[in-house]
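Summarising the annotation, TrEMBL assigns signal peptide to 1-23. Annotation source TrEMBL lists transmembrane segment at 252-274. Annotation comment: TrEMBL describes 307-612 as domain 'Protein kinase'. Annotated ATP binding site per TrEMBL: 336, in sequence order.
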């Protein structure tokens, strides 16, 4: 029988008013062990009294070796403090540690000792964002129950230990932002439950595996390793050299290339002059035009039945989109016709073509063909054809109108989360994995399309900007006034600051908030300094039920709410929602420098995905995609 709550609260106050150092006698204080056990048994703490008893206590000094005397604790969380010095080996002798060891965001130094392998029953080890160095101990392979290993943001060197293949239940491995070298062990592709792997910004080289977790580009990231090769096509890495290839003399190769180039130029000059004299220069000149199968105005006119209103899908900033069929392309296509009378539409066309020139990703809309011609009246005509998305855009699902569909349709919580991951994957690719980074500048629900399987694809690159090594390329981008859409564009754009990838991150955060609350950022309730970000920030965690979109809650909860009964969200669902909300808030803070980057967003989302509440009752059961 445990003592009364007030007694434990007194013990908690005593602990939190200790000097800001960890006592060396900690290992002998059995009261604290009992308190820790008691805390794990408490499932309802409405006033958050126990929240302060892990991490963020601003503890200083070193971790005492006597902490190894605590042989009954299941979790040790000292993250987000000011701890320094090495991690004593005695920490890894606490055989009772099963839930996790959390030491992230401190100033710990030194190396991880071989005693790490003693934690054979632990599920999570997180020592990220410290000053740790040295090699990752081979003994980590003995932690056979390990599911989450987070070593990011340190200075670990050497190679990735092959012993990691022994971790058969490993789900998440984050080794990013270290100084690791050598090869990516191919054995990692054989781990059966592997869901996310991050080795970005290291010094790895050699071939990227292609099986297991390495089959899905959104499940792993290797950016920032310039000597990697091979892998799946989505990575756009150079092919690996064939073993045994002879090295030719560099001077000889330079000489041959020079001679061939000179002859080619000389032979090309007459051809160029002849073409100039016989061919009229086109009104639009973009490299992507030459790479596509071009279509005539007549074909597009016929494909859309004369651009009839019955085939009109929607209208955007610089044109209208029609549904149609082309003889050269199977199935329906979406044809975007530019309104060339509107200022900036030409630049929008150029921006969209250049942005889509080299990018290929499952979560980005694919351009099929284009048209740069004249219409029947002799006027200039420009259009782009894309894959047609039967399920329309995210806007129509979040805010359906009676004209859109006979039956109400909605996205359940799991489907919305998958869309969030899809969009995040697209922007992680655009910002960090493209040869020339792309800033979208106009992310909003209307620009997120859903295919037959409700997989999200980001569209409308009419405002996109390309980023070169020297900064933003204005020459290849749209320059139309204030970038983005009101409510989704960050505040700094309205103040005339340069567009940035952080601006896209802000729009992504607002998109998540809208998806989870069902409220547009332009809702009438948001005036002056009261906006969607602050609305959510001031409402969680205590008023989560009041702000979440009821259409993603289990049916019985909504019914109770409508009947005036007090109810609460299932603890597992609540934990899940709060985690997503916090990512959205971190992305949409006012200061661009404080926003999360998309690499970290993907990592956090994959961790959240691993504890998705499988027993959540879906509002509408298995959703049938809308066929139009």
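Placement of Cβ uses the backbone N, Cα and C atoms for every residue, glycine included.
These figures come from a predicted structure and were not determined experimentally.
Here the Cβ of the residue listed as 'ATP binding site' has 24 other Cβ atoms within 10 Å, regardless of which shown protein chain they belong to.
This prediction places the mean pLDDT of the domain 'Protein kinase' (307-612) at 81.
According to its DSSP assignment, residue 336 (ATP binding site) is in a strand.
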